[in-house]
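To start, the structure under review is shown below, and the notes come after it.
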Amino acid sequence: MLIHEDQPNKKAGKEIKGFIFKTLIAFEKFVLNYSHHHVNESTPQIKLISSNLALRIQRGFRHNATDFHHEGPGRQNSIDVPSINFDDNGSVIVGIVYKGLHELFIKIYSNSDGIKNTRRLNTIIMAATMDPKPEKINQNVALNFKHIKVTGGKIFGCVSWSGYSEKNPDGWSGEGCHAVISNSEQTECSCNHMTHYAVLFDYSDSLEITTMDEKILAILTYVGLTLSIVGIILTIISYLLVTDVHQPLSQIRVSLAGSLGAGQIMFLAGVDATENTGVCVTVAALMQYFLMAAFCWMLVEGVYLYLLVVKVYNINNKMSIYHVMSWGIPAVVVAISLSIAAGEDGIQSYVSKKYCWMSSANNLIWIFVAFVAIIEVLNLLILVRVIKEMPTMQPTGDKHIQQIRLGIRACVVMIPLLGVTWLFGLLTSLHKAFVYIFTILNSTQGFLIFLLHCVRNSQIRERFKRRLNAVFPATNDGKPARKTSQVSQSDVGEVKTVYVQPCSAFELK
């Protein structure tokens, strides 16, 4: 969460931060003076670890070729000072890893448009000092930093504290330091002087979201998801009322709508429940499960069309297998994801700190991305094969052909849409336009399913008319409509016994 700072607060913040570093420098001088009296041949080094810092004092000589090496807790951050920098008569080297100091040095920029561009530390702060102080560092100090979290920002550089100035308005300077290597988890720095070090990340170009953007996106999300869930509920009700749910395509579409709707309900109910780790992990796991299940059912619909068109094969007796696969495979993948997260970093690493969704810090999100990509590629290949086969089929007057055409028409829209939606989801860190596109597409999928499979489906419309006629019988020249039982194989399964109009009502449009 970004906090706006007005000018008086910024000035006060600078004074406080400057005072803190003056205090640190005074503390480090005290440690050096202390070490001259307590570090000797019988006690060549002193180590101190507390909740706030990890400190190491060592006496070293240039001729013994023993470098100074100090690691923080968990061996995740380290300082290395080559012995060639030591004095021939002996030097006292102090290395300190400050565990929580970085949190006081968040730099926030605000402009008149309300866009908050942040440049902040993404590592702890470490310090190295030596007495006597060498006039020149013969070999650079090596520092290894573990990133606190992986975000959309990019590394600004390895920096050292220089104090506030026109040249360095945030107090940090990159002069004399450079990054040797950097990845998503850690950065290795090399510096030619001894001071306080850290790694600064720049978020100004990663994503510019204004307060107004946040409000608009929140409205789009909740309105869109509400509309989507309503569409999904109407779709499920429609298929349960006017189709035979024992038919394959009815089961497929009810399962698709149900899994997608369940995932969206979980999002609305608990995506912000970050304060409770157990609830947050549960919400994220269920969202991952239901969304992956939705993609599985999209694949099953593609396979159904392929077998119907290319292989001319009835899958009625195979539906139990498809249910096991579509509901079972996502469960296995979610279990694997949770097992990986529960390893070294703990189960809380499964979710991000801002939302109850899979974390990118440990690359778990790529399990979901890879799963979606594989499903989409398979579905697109199947769809292309089915479309190529269509010209060789019978004339469009055949109801069986119209059934297939309706299914293909829906898949041509839904399969690319689901894939494109999550493609924009991956691009959201690049520009806020992608955030808007992803939000709109993702939050309206259920409503689109309702439009494609119900509103735009002439057979569903006809069956609704028959259902209405059953409840409110229409008259023909003063005579009530007759009751009859018709069974019609279509894209939505067998029709049930209803009151119907004359036979012309069965004609497919």
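Heads up, the Cβ atoms here are built off N, Cα and C, so glycines get one too.
Curation does not apply to TrEMBL; its annotations are automatic.
Here's what TrEMBL has on this protein:
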type     : residues : note
DOMAIN   : 44-207   : domain 'GAIN-B'
TRANSMEM : 216-242  : transmembrane segment
DOMAIN   : 217-457  : domain 'G-protein coupled receptors family 2 profile 2'
TRANSMEM : 254-274  : transmembrane segment
TRANSMEM : 286-309  : transmembrane segment
TRANSMEM : 321-343  : transmembrane segment
TRANSMEM : 363-386  : transmembrane segment
TRANSMEM : 406-427  : transmembrane segment
TRANSMEM : 433-455  : transmembrane segment
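Proximity of the transmembrane segment (254-274) to the transmembrane segment (363-386) is not established, fewer than 3 Cβ-Cβ distances being under 8 Å for residue pairs spaced 6 or more apart.
Counting Cβ pairs closer than 8 Å to the transmembrane segment (363-386), the top stretch among 216-242, 286-309, 433-455 is 286-309. The list of residues near the transmembrane segment (216-242) in space but at least 6 beyond its ends in sequence, with Cβ under 8 angstroms from a Cβ of it, reads 209, 250, 253-254, 257-258, 260-261, 264-265, 267-268, 435-436, 439-440, 442-451, 453-454, 460, 463-464, 466-467, 492, 495-496. When averaged over the domain 'GAIN-B' (44-207), pLDDT in the model lands at 79.
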